[in-house]
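Colleague: Next up is a structure, given as structure tokens.
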Amino acid sequence: MRRTTSEPEPPSPNFCTIPAEDVWPTTYDVACNRPHHGIASAESSFKPGTLRLEVETSPQGHVSPMPLGWSMTGHPKKRSKDAKMEYMNTLQKEIEERKKKEQEDRLQSQEPGAELASIIRKGAGGRPRKDPITGELLPNPRKLTDVTEKSLDIRRAKSQESLIYFNELSEQAEQRQRMRQQQKLVERAQSEKVSE
């Protein structure tokens, strides 16, 4: 019966590896109670955890690869410490880059010949209202939305220009309505002529 999951096959009683000289069981072998053996290399000087693994073969002749993600290089605590240090260094670099960018933006906005329009388009700053005589900054309230105006029943005083604009729009609307009514009368007259 063949397994379809990614779980490693349990060791069979007939499972064997090719023995070699200077064979040392690794900590992984002892913890998992599996018959893996490593061959000590000249560089390792027979230290546990620095061994090369042999390829294991089952009695049927199939090669049993090591589970993915398992690495025999270095001690697990050292690997995790190295990974944490690398992550910390990456975060520090990102923080430094962000600080440099903010400082460059600040210096660019403080330059005497800087174009204010490009800064405003980026959303870095707004257009402050100033008193024309004293140069003092005035409060700049945000414009209310239509929903807020209706809920608070805010009615602004209309200027002469807004009244003229309203009258023009209402005249155009009445003119369109008259044109539609005339067009309907013409269509009715044509349909009556056709039906006679």
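Note that Cβ sites are derived from N, Cα and C of the backbone, with glycine treated the same way.
According to TrEMBL, the record shows the following:
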REGION    58-82  region 'Disordered'
COMPBIAS  94-108  compositional bias 'Basic and acidic residues'
REGION    94-151  region 'Disordered'
REGION    172-196  region 'Disordered'
COMPBIAS  185-196  compositional bias 'Basic and acidic residues'
Colleague: According to DSSP, how is the compositional bias 'Basic and acidic residues' (185-196) divided among helix, strand and coil residues?
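Modeller: Per-class counts: 11 helix, 0 strand, 1 coil.
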Colleague: Count the residues of the compositional bias 'Basic and acidic residues' (94-108) that DSSP assigns to helix (H, G, I), to strand (E, B) and to coil, and report the three numbers in that order.
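Modeller: For the compositional bias 'Basic and acidic residues' (94-108), the helix, strand and coil counts are 15 helix, 0 strand, 0 coil.
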